[in-house]
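Worksheet: one structure, shown below.
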Amino acid sequence: MFKVNENYLKLPGSYLFSTIGKKVSAYQAANPDKQIIRLGIGDVTQPLAPAIIEAMHKAVDEMGHAETFHGYAPDLGYEFLRSAMAKNDYQDKGCDIQADEIFISDGAKCDSGNIQEIFAADSKIAVCDPVYPVYVDTNVMAGRTGTYDAKTETWSNVIYMPCTKETNFAPVLPEETPDIIYLCFPNNPTGSTITKAQLQEWVDYANRVGAVIIYDSAYEAYISESDVPHTIYECEGARTCAIELRSFSKNAGFTGVRLGATVIPKDLKSGDVMLHSLWARRHGTKYNGAPYIVQRAGEAVYSEAGKAQLKDQVAYYMNNAKTIKQGLKDAGYNVSGGVNAPYIWLEVPKGMTSWDFFDYLLEKANVVGTPGSGFGPSGEGYFRLTAFGTYENTVAAIKRIKEM
Ligand code: MLT
């Protein structure tokens, strides 16, 4: 009889957002008259900006003519998009990243899950707690995390870096030395950030101990404070220790379009092996490139019109964040996040678990959020609301929560 990858059997339950989806569907089926407002998964609601739509239409037309038709995309991405990213996301900010160090993909979720493949099976990972579940679950699938303790909801071979109220939801350098450190700032789920000086400490630490940082900057567009870094390559020495994941989902509304990128500087090496070469080999073997139409849409993100339109879109969501944060404060909740990130992190009422509050909110206010414990044990007692809803739904949800 064939055998399955038993690491999959170690995974507890289903993926967080699938579990939530099932619970909400069951509630809706039992209560068809209820108008549920979804502020759970961080999925956008605003339509694609006009500059992006225009670029996509043009690309679609090109695909309809033999002279301008495009087949397989270059597996590492079209030069036009890699150059636009290198210039706008890095070089214009004074960071030394070249176009050929950027690998275009169909999204940061896939990249954040796949990147672990290029590291040794016995690598030790360190994650923030709470954390975006993909980082941990994909290492479980690869057999890297040891055994699961259902009581503590932790894996025996993972270094957890608690991000609590006491540290402003920032991780502190771990006592045990990891090989791979996952960091995401602005943070999902807590909506917190760290300053450039704090990030520099992580870069210095990684270079000192020979670890690699996988830096997820999916929420970079939401930064409003000047001491918060937009990319890890603002830090000195990051070229020798950091991989950066970039997404078009949150800054440009591409959750349903799918586009992302991974940056691997050529100076990032294990001995004399460049991680850049390994990822290029993986991409070439397993991936046929993001679609031409989508990459042209990505290029439009960097046009003057695209930049202006997306600035407005980000402001729209951040106005929601402000509305949620103020509304919850008025209702007596302790809240954080929502200043440099589209997520609001709130403490659930005493005596309730995160999942109790999920059920309570769904039943009493018909509002969906995400239980903090779904992101890790230190998330227990917390709850995440996203600012990616429509303004009208955001206002209505807060009104209902206040009346609860
Ligand atoms: C989230 O809600 O945490 C994110 O939307 C998930 C994702 O980006 O994959």
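Every residue, even glycine, has its Cβ placed from backbone N, Cα and C.
Remember, TrEMBL labels are computer predictions, not curated facts.
Taken from TrEMBL, the feature substrate binding site covers Tyr15, Gly42, Lys109, Tyr132, Asn188, Asn288, Arg384. In the shown protein chains, 13 other C-beta atoms lie within 10 A of the C-beta of Tyr15 (substrate binding site). DSSP gives Tyr15 (substrate binding site) a coil state; it is part of no helix or strand.
Marked as pyridoxal 5'-phosphate binding site by TrEMBL: Tyr72, Ala108, Lys109, Tyr132, Asn188, Tyr219, Ser247, Phe248, Ser249, Arg258, Asn288. Within 10 Å of the C-beta of Lys109 (substrate binding site) we count 20 further C-beta atoms, all protein chains included. In this structure, Lys109 (substrate binding site) is part of a helix by DSSP.
According to TrEMBL, the domain 'Aminotransferase class I/classII large' annotation covers 35-401. The average pLDDT the prediction assigns to the domain 'Aminotransferase class I/classII large' (35-401) is 97.
In the three-state DSSP scheme, Lys250 (N6-(pyridoxal phosphate)lysine) is classed as helix. Listed in sequence order, Gly42, Val44, Ala218, Tyr219, Ala221, Tyr222, Pro342, Phe388 are the same-chain residues six or more apart from Lys250 (N6-(pyridoxal phosphate)lysine) with CB atoms under 8 A from its CB. According to TrEMBL, the N6-(pyridoxal phosphate)lysine annotation covers Lys250.
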Filter the candidate list Tyr15, Asn188, Asn288, Arg384 of binding-site residues, keeping only entries whose CB is under 6 Å from an atom of ligand 1.
Asn188
Taking the Cβ of Tyr132 (substrate binding site) as reference, which residues of that chain separated by at least 6 in sequence fall under 8 Å from it?
Ser112, Cys184, Asn188, Pro189, Asp216, Phe375
Between Ser249 (pyridoxal 5'-phosphate binding site) and Lys109 (substrate binding site), what C-alpha distance do you get in Å?
10
Neighbour count, 10 Å Cβ-Cβ cut-off, for Arg384 (substrate binding site): what number do you get?
26
Between the Cα atoms of Asn288 (substrate binding site) and Tyr72 (pyridoxal 5'-phosphate binding site), what distance do you get, rounded to the nearest Å?
7
For Asn288 (substrate binding site), what is the secondary structure state per DSSP, taken as helix, strand or coil?
coil
